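> I am attaching a structure below and will ask some questions about it afterwards.
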Amino acid sequence: MASEPVNVNEYQELARRALPKMYYDFYAAGAEDEHTLRENVKAFSRISICPRILIDVRQIDLSTSILGHHISAPILIAPTAYHKLAHSEGEIATAKAAAACKTIMVLSFSSNSTLEEVSASCNAVRFFQLYVFKNRQLSAWLVQRAEKSGYKAIVLTVDTPKLGRREADIKNKMIAPQVKNLEGFMSTEVVNDKGSGPQAFANSYYDSSFSWKDLNWLKSITKLPILIKGVLTHEDATRAVELGVDGIIVSNHGARQLDYAPATISVLEEVVHAVGGKVPVLLDGGVRRGTDIFKALALGARAVLIGRPVIYGLAAKGENGVKQVIGMLKDELELTLALTGCSSIKDITRNHVRTDNETHRSLL
């Protein structure tokens with residue numbers, strides 16, 4: 001019998017074995033040369049952690065809060081599409097795992113279960129991820145349904161005026177499932193003879209004209225807080241805060257959009273400085289270890305989001321796999337806090353980490 005996985009990375013191999021190649025590639029691949037895909041993970045290795053000694057760490061508290069919602073650890077589930085391609089129970093299994101782990105799931109618009117079905121599956125705090133469509137009534141309809149179903153925030157994805165060139169999907173002629181959340185409003189079937197179904201859908205329906213001035217429209221149709229996902233620069237972070245967003249997610253869409261965009265951890269501090277504590281900043285992309293989470297928190301993130309690790313856990317072991325992935329990251333984070341002399345998330349400071357540049361300067 002094969003040994004049980006001992007870290008999150010080992011779940012990826014289990015998922016690769018469990019899934020058809022088309023579906024595994026859909027989840028695992030990035031845009032074009034996949035430079036940013038590799039960098040999202042590698043960039044964490046260029047940050048060192050500074051241990052502290054002789055501190056009482058018998059009791060360690062990982063809990064924190066996001067927009068006033070208490071969670072057991074600074075780990076949220078990122079919005080990822082089509083969970084039923086990974087496991088028959090799909091988003092329902094993921095939602096139950098999030099609830100059991102006492103954290104927040106951000107449900108993707110492109111879920112295989114409707115937002116109402118996920119809401120009814122268990123009692124937990126959830127956010128809803130939104131794209132803006134050419135037909136604004138469609139986006140408004142989704143927001144209204146999210147409010148009615150008890151979702152606590154809208155996560156607006158802002159980095160997708162066009163879908164990135166995901167060559168694995170093109171080669172595999174990836175077939176996009178019907179989007180359950182649009183049933184009853186419109187058909188999501190698209191005629192596609194160039195390979196990727198998701199790309200054809202996005203190009204047909206996403207609104208590439210959506211711009212900063214349109215944030216006021218979104219704010220006008222909902223009382224829910226709005227986080228924007230896809231910020232990578234000081235300039236965009238500053239603008240977002242000026243326009244009254246409630247949170248920022250530093251994200252490059254899992255390296256699935258613009259290849260050679262920076263790794264998210266490498267620009268996190270730039271965004272944090274621009275925001276100046278006015279709203280929470282979260283990090284998405286490349287998190288595979290508890291030490292990665294610690295580094296993000298030390299550089300100013302309130303929490304991180306994990307996407308692929310959740311999918312890999314789901315593909316390998318369903319709901320239990322997702323719980324195990326989150327549990328592994330929590331255990332690793334707790335150990336990192338102990339070895340750095342931190343008894344709570346609040347104890348983590350910028351002085352606990354050094355970038356390669358800082359380490360180099362200290363040796364001169």
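The backbone N, Cα and C atoms fix where each Cβ goes, glycine too.
Where the annotation comes from TrEMBL, it is an automatic prediction and has not been curated.
Annotations for this protein, taken from TrEMBL, read as follows:
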ACT_SITE  His253  active site, proton acceptor
BINDING   79-81, Ser108, Gln129, Thr157, Lys229, Ser251, 284-288, 307-308  FMN binding site
BINDING   Tyr131, Arg166, His253, Arg256  glyoxylate binding site
DOMAIN    1-358  domain 'FMN hydroxy acid dehydrogenase'
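Locate each feature and note its surroundings.
Taking all protein chains in view, 26 other C-beta atoms sit within 10 angstroms of the C-beta of Gln129 (FMN binding site).
A simple way to gauge crowding: the CB of Arg256 (glyoxylate binding site) has 24 other CB atoms within 10 angstroms, across all the protein chains here.
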> Of Gln129, Lys229, Asp284, Arg288, which binding-site residues come within 10 Å of His253 (active site, proton acceptor), going by C-alpha to C-alpha distance?
Lys229, Asp284
> Averaged over the domain 'FMN hydroxy acid dehydrogenase' (1-358), what pLDDT does the predicted model reach?
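Averaged over the domain 'FMN hydroxy acid dehydrogenase' (1-358), the predicted model reaches a pLDDT of 93.
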> From the binding-site residues Tyr131, Arg166, Arg256, pick the residue whose C-alpha lies nearest to the C-alpha of Lys229 (FMN binding site).
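If we rank Tyr131, Arg166, Arg256 by Cα distance to Lys229 (FMN binding site), first place goes to Tyr131.
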> Out of Pro79, Gly286, give me whichever of these binding-site residues has the highest number of other Cβ atoms within 10 Å.
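By the 10 Å Cβ neighbour count, Gly286 comes out on top.
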> Fill in the CA-CA distance, Arg166 (glyoxylate binding site) to Ala81 (FMN binding site), as an integer in Å.
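Given the Cα positions, Arg166 (glyoxylate binding site) is 15 Å from Ala81 (FMN binding site).
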